[in-house]
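Asker: Got a structure for you, questions after.
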Amino acid sequence: MLESKFDPKEAEKRLYKMWEDSGAFKPRAAKETDTKDDNFSIVIPPPNVTGSLHMGHAVNNTIQDILVRYNRMKGKAVLWQPGTDHAGIATQMVVERKLAAEGKARKDMTREEFLGHVWNWKAESGGNINQQLRRLGSSCDWSREKFTLGNPDDETDKMAEAVTKAFVEMYEAGLIYRDKRLVNWDPHFQTAISDLEVENIEKDGHFWHFKYPLEGGETYTYVEKDEDGNITLTEERDYISIATTRPETMLGDGAVAVHPDDERYAPIVGKMVRLPLANRLIPIITDEYPDMDFGSGAVKITGAHDFNDYEVAKRNDIPMYSLMDEKGAMCASEIMPEKYVGMDRFKARKAVVADIDAEGLLIKIEDKKIMQPYGDRSGVVIEPMLTDQWFVAADKLAEQAMAKVDDGSTKFIPENWKKTYDHWMKEIQPWCISRQLWWGHQIPAWYIPSYGNVVHQGEVHNLPSNIIVASNKKDAVKAALNHFSILGDIQENIDPVNYDENSNDYGSEDFLIEIIRDGQVSASIEVKRDPDVLDTWFSSGLWPFSTLGWPENTEELERFYPTSVLVTAFDIIFFWVARMMMQGLHFMKDEDGNGVVPFNDVYIHALVLDEQGKKMSKSIGNTLDPLDLIDGVSADDLVEKRTRGLKNPEKAPQIAKATRKQYPDGFEAYGADALRFTLASMAGQGRNIRLSVDRIAGYRNFGTKLWSAANFGQMNQCRPNNDYDVTKAIIPINQWIVSETAKTAQEVSRCIEAYRFNDAADAVYKFAWDTFCSWYLELTKPLLSGAEGTAKEETQAVFAWVLDQILKLLHPFMPFITEEIWLKIDTSRDDNLIVTAWPELDDTYIKPQSIEEIEWLQTLITNIRSVRADMNIPPAKKAALLMLAKDLDPRLAYYAPQLSPMARVDKVETAEAAPQGALQTVVDGVTYAIPLEGLIDLEAERKRLSKEIEKAQAEIDKIDKKLSNPAFTDKAPEKVVQLQKDRRADYASEIEKLQEAISGLG
């Protein structure tokens, strides 16, 4: 039996444990008849191991779970692969802060000691987000949970092996290489970072305008013209003017660039200028990059510290000078004036400006808003730096990845995101995959230093430095021995120290090669492993197949690759989706050797915004924690959450005030189902979600409505009967509801298959609330309360069947309450709802004649209710219904038991004409009348309606006065003016209806 109400706090944990314990989340066993279409697989975008559930996770995993539960009920073998990302910088930062609180520092530890601390932290705190995903109802196969860094305690885990194999194979194929290129450098963490980890923030800044003197004091005639070609300025200059937002970088300038069409500088193109402070000569060159209309039109080119300048320097073979060390301090070099060596970059900036001013070369300082790049984790200004890093030749992989989207092998939903994908892929740059961290996949590369010249067979050979890329240290040692094998021909022995060819465990990843001559060690050569780790996105790019056991050819890989769909956000289309496409196509081949895409569809979900349409942000103070909406939260706790750890603590009072105003009582506990249904119902393709707490409360009420309907069914002995065939129902009301159920099931299935989750949610909502609860439940009350017999038994069976179908259709969206109702209305069921078959209801369930008949009845009842409401007839007073015809429609007599309670009709008769003052309504061309005599005081009603007209007219007069005032219409915002016009139209419509009501009184 159902309790009086559903308690999500008690039920959700219990039901989730029941599902997981029953094995419902695991793929069903394979069948001999299975094809690829009988399998459905989806990989979870692995959340950071440091992360906590936020609204982006909530909408993403709600959509995935809808697809997973739907396909599971469709009978497919379903795998939803869960796991977490090791999140290099984020995790290292968390652990370093934890150690700092204990008075410890990473710099005082060995790599192995620090990594031990990180693994300990992961064991203690790294699984929080997966527990939170469970709270949302995510039905992942947790027995297969993976971690991008692998599990060192599980010999069967191949995640780390997959990453190493991928790196080695791509290196050997020429797709991975080491190069000196410009990267985003975080001086706090002292590592390269990806574009996704850079946050560009508008700040108050400056443009410093400097003079760069021409070599030898040479002069030229500088001419400026207006748009019409008229000369506005002519003067002799011995300098070229440049402007910069980062004066300290001028010490590394390699050239000054002007546009080839810029006539102002044509006389000095190819000349040399003296770089202030550094006293180096640099050329004036032409390039398409400078904007002639911006600043002076001349741009200093500092290739080692600006991404645009880097491209200009490469095109024009301009030297690039690195100015800073890993911490962002000016470093010693032949071009660096000694005065600045060791200075922090921002102190150097002040010093450079002061010194240029002292030389008389500072023209002006211009205040300007500038976009400043910050590390999203460190919060420090990011520095473009020219460093040695590992790169993937992404351009070589991008062509096939684009082609597979063009030919439809992988489809983007909505389709417009294909343009974004194509744009990024066409503009693709080498992908920097190395990071100067300790937490991550250490790059499997070893460096052999130069050994110098060796005489071999009468010739001098130079044994240069070399890079060895190998799957493990054992293979690296063998490669190092091979490198020195030439020495063997001159009777020299080569032995790696502490090398056991039968073991892969050498302790340190570094090793020595000893050169033995005449029994003595003539040289010890240290071979060091690259200390850097791989970009987290490299291992994430292998996620769709590494999680299935690759590089081994596992059964799971055969069954579930390619995956069916990827659900993700738009902001990682390039960082993750594109890289999975490139790596999947490179490593996964069909029997003909052609690359296989990692997923058939890519569904890009919307952003979750606040009620005002603003992006949720900690700094704005408008974030909502999904768990707070599920469990409830007090206003005090909500304020504390929103103001804790702000980057700008001074905003805390403002955020607290706004929060208390918007949510003075905090939130009730709405449960996971209400949140999930809200997100699904608002997840229209191409539309962002404006999350409304009122909507969540409304869908909580929807669950309550369904619970009440189930209780009503139980009270009326509406029990599921598997032996009853609902297509054999004979009562039109029952035929109609069976028909509407079938139509709804077909529509929900179509919408889910098309990723129209909002339309699917809307269809089942309208059917359950309106069609079933508001209409069918009321229409059947006379049948269920009547005498025992065929009609009652049929209605009980149909009612129970329809409720079951609603529970099935709603289960992917609201899994907890539907499962609870399913189990409690029939305790004898063999299967839980989660694994029950999806409703497959074809057109044999649909009876058009009954649909037409009940739609006639609904229209009649609705019209009667409407005219009664217009006339303010008390609900307690019943009225006669007159059909203005010679013969009474037999349907009126048949449905009299329904008309009495639902339309407040006490008798049905025919009449030749409507009585004086009777209300009239037309349905399907037939006029019906409701005599008003005895129902209301006609004169009092006329007076009441007349007063309402006067009130509405008074409001129209006020609005007309405002709209006729130019002071208002000319100055008020257009939206405000239109609002007044809309209000006037509403009042005018109201007056029209009131006048019609008076006319109806006779």
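Indices start at 1 and increase along the chain as displayed.
Cβ atoms are placed via backbone N, Cα and C, with glycine included.
Sharing the features that TrEMBL gives for it:
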type	residues	note
BINDING	LYS618	ATP binding site
COILED	935-997	coiled coil
DOMAIN	15-691	domain 'Aminoacyl-tRNA synthetase class Ia'
DOMAIN	734-879	domain 'Methionyl/Valyl/Leucyl/Isoleucyl-tRNA synthetase anticodon-binding'
DOMAIN	937-1002	domain 'Valyl-tRNA synthetase tRNA-binding arm'
MOTIF	47-57	motif ''HIGH' region'
MOTIF	615-619	motif ''KMSKS' region'
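In the displayed structure, how are the listed features positioned relative to their neighbours?
Answerer: Secondary structure at LYS618 (ATP binding site), as computed by DSSP, is coil. Cβ neighbour count for LYS618 (ATP binding site): 16 (other Cβ atoms within 10 Å of its Cβ, all protein chains included).
Mean pLDDT for the domain 'Valyl-tRNA synthetase tRNA-binding arm' (937-1002) in this predicted model: 86.
Within the chain, the motif ''HIGH' region' (47-57) has long-range Cβ neighbours (under 8 A, six or more residues past its boundaries) at 84-87, 90-91, 94, 122, 126, 128-129, 132-133, 135-136, 147, 569, 607-608, 616, 623-627, 691.
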Asker: What same-chain residues lie close to the motif ''KMSKS' region' (615-619): Cβ under 8 Å, and 6 or more beyond its ends?
Answerer: 54-55, 607-609, 642, 645-648, 651
Asker: For the motif ''HIGH' region' (47-57), DSSP counts of helix, strand and coil?
Answerer: 3 helix, 1 strand, 7 coil
